[in-house]
Amino acid sequence: MAAAFTSSPVVSQPQFTAMNEQQCFSNESIAFFYNRSGKYLATEWNTVTKLVMGLGITVCIFIMLANLLVMVAIYVNRRFHFPIYYLMANLAAADFFAGLAYFYLMFNTGPNTRRLTVSTWLLRQGLIDTSLTVSVANLLAIAIERHITVFRMQLHARMSNRRVVVVIVVIWTMAIVMGAIPSVGWNCICDIENCSNMAPLYSDSYLVFWAIFNLVTFVVMVVLYAHIFGYVRQRTMRMSRHSSGPRRNRDTMMSLLKTVVIVLGAFIICWTPGLVLLLLDVCCPQCDVLAYEKFFLLLAEFNSAMNPIIYSYRDKEMSATFRQILCCQRSENTSGPTEGSDRSASSLNHTILAGVHSNDHSVV
């Protein structure tokens, strides 16, 4: 009997711990992961949760309607059939998708979270990640397009429709891959000790990667717009010494400054707090990040509602097209481009390029 006892395998404590850490928990309930992370999982609807859900649904409806209006306006008005407007339409499509993704989230949050499986929870979060990533990537693409046109002294980028389609496909492909990464393996289901507090099924390393990726994109946008502004300011100051219209140059520079401040300010206000919160979730365990999670999530989603206003509503031609669509009026520009249509294109384009071409009457 002693021999039989000694022949049985003995698992040491370190080996047992290693085996336990490598165990996957894909069959566990969502409550299991939330309890481990310390994140509260509601059992019933309270006043705060109802208010957040009501506000979220309202924002979603506005996002979808506003961005749908932008897409229709660009489609019906042939004066908008240029690369910059195709990118703006794609941005509107991305933000429309963000509204749908967030709408899905609203009906699968709060007490409804308990009913989700691991797969559906990852799908819910993946839709949000994809929608937000594609919106940021579109903002970057627009910044790059503006940078190219200004420094080449063009009103519109000389880019073929095929290249625009390639850019759009690359943006969506990258965003879908980013959103799907946690579902295909970069999660904490088999690495339970490294689960995030804010996203209990997400790995800390993925959240750090995603936050840094978006922050780097933000920095690139700041650099691009700062370079544009510096170039235009230098040109206007140089030409004001040899022209009779310094006030016009000064007004052009200030108008550009306002546009850049609005664009960058909206991005900073809506995105930076949430991205910093993700980093604090990993780097600062004692920080109470969960207390601000829902607020910053709503704030980030507001960016999708603001993009149509920032990039489209400042355009007088776009505003007129909006009114014609809402009033069911037929636009004169839907039948085809008219002579001098380039001169009536985006006021935002004119703002950027007027300082560069202040002596070029074909742009005025």
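Just so it is clear, glycine is given a Cβ too, placed from its N, Cα and C backbone atoms.
All chains included, 19 other C-beta atoms sit within 10 angstroms of the C-beta of Q125 (1-acyl-sn-glycero-3-phosphate binding site). Taken residue by residue with DSSP, Q125 (1-acyl-sn-glycero-3-phosphate binding site) is part of a helix. For K39, R124, Q125, G126, L127, I128, D129, W210, the entry in Swiss-Prot reads 1-acyl-sn-glycero-3-phosphate binding site, with the evidence type similarity to another entry.
Secondary structure from DSSP puts C24 (disulfide bond) in coil. Swiss-Prot lists C24-C190 (among others) with the feature disulfide bond, giving similarity to another entry as the kind of evidence.
Classification of C195 (disulfide bond) by DSSP places it within a strand. Around the Cβ of C195 (disulfide bond), the number of neighbouring Cβ atoms within 10 Å comes to 21. According to Swiss-Prot, the disulfide bond annotation covers C188-C195 (among others).
Marked as disulfide bond by Swiss-Prot: C284-C287 (among others). Taking Cβ-Cβ distances under 8 Å and a sequence gap of 6 or more within the same chain, C284 (disulfide bond) has no neighbours at all.
Positions annotated as N-linked glycosylation site by Swiss-Prot: N27 (among others). The Cβ neighbour count for N27 (N-linked glycosylation site), using a 10 Å radius and every protein chain shown, is 9.
Residues or ranges marked as N-linked glycosylation site by Swiss-Prot: N35 (among others). Taking a C-beta cut-off of under 8 angstroms and a sequence separation of 6 or more, N35 (N-linked glycosylation site) has the following same-chain neighbours: L41.
Positions annotated as phosphoserine by Swiss-Prot, on the basis of similarity to another entry: S341.
Summarising the annotation, Swiss-Prot assigns phosphothreonine to T351 and lists similarity to another entry as the type of evidence.
The topological domain 'Extracellular' annotation in Swiss-Prot covers 1-50 (among others).
Annotation comment: Swiss-Prot describes 76-83 (among others) as topological domain 'Cytoplasmic'.
Annotation source Swiss-Prot lists topological domain 'Extracellular' at 108-121 (among others).
Residues or ranges marked as topological domain 'Cytoplasmic' in Swiss-Prot: 145-163 (among others).
Here Swiss-Prot flags 185-204 (among others) as topological domain 'Extracellular', drawing on similarity to another entry. Panel annotation: around the topological domain 'Extracellular' (185-204), residues 21-26, 30, 33-34, 36-39, 118, 121-122, 125, 277-278, 281-282, 289-290, 293 of the same chain, lying at least six beyond its termini, place a Cβ under 8 Å from a Cβ of the stretch.
The annotation topological domain 'Cytoplasmic' is assigned in Swiss-Prot to 226-255 (among others). The average pLDDT computed for the topological domain 'Cytoplasmic' (226-255) is 66.
Counting only same-chain residues 6+ beyond the ends of the topological domain 'Extracellular' (281-294), those with a CB under 8 A from a CB of the stretch are 38-40, 52, 196-198, 204, 207-208, 273. Swiss-Prot lists 281-294 (among others) with the feature topological domain 'Extracellular', giving similarity to another entry as the kind of evidence.
Feature annotation from Swiss-Prot assigns topological domain 'Cytoplasmic' to 316-364 (among others).
Touching of the transmembrane segment (84-107) and the transmembrane segment (205-225) is ruled out by the presence of fewer than three CB pairs under 8 A, sequence neighbours closer than 6 excluded. Among the listed stretches 51-75, 164-184, 205-225, the one sharing the most Cβ pairs under 8 Å with the transmembrane segment (122-144) is 164-184. Sequence-distant neighbours of the transmembrane segment (51-75) (same chain, 6+ residues past either end, Cβ-Cβ under 8 Å): 81, 85-86, 88-89, 92-93, 95-96, 98-100, 102-103, 105-106, 109-110, 294, 298, 301-302, 304-305, 307-309, 312, 318, 321-322, 325-326.
Highest local Cβ density among the recorded positions L127, C190 belongs to L127, counted as other Cβ atoms within 10 Å over all protein chains shown. Of the listed recorded positions, namely C24, I128, C188, C287, the sparsest Cβ surroundings within 10 Å are found at C24. With a threshold of 8 Å between CB atoms, the same-chain residues lying at least 6 positions outside the transmembrane segment (164-184) that come near it are 83, 86-87, 90, 94, 119, 122-123, 125-131, 133-134, 137-138, 141, 201-203, 206, 210, 213. Across the structure, C190 (disulfide bond) and N27 (N-linked glycosylation site) place their CA atoms 11 angstrom apart.
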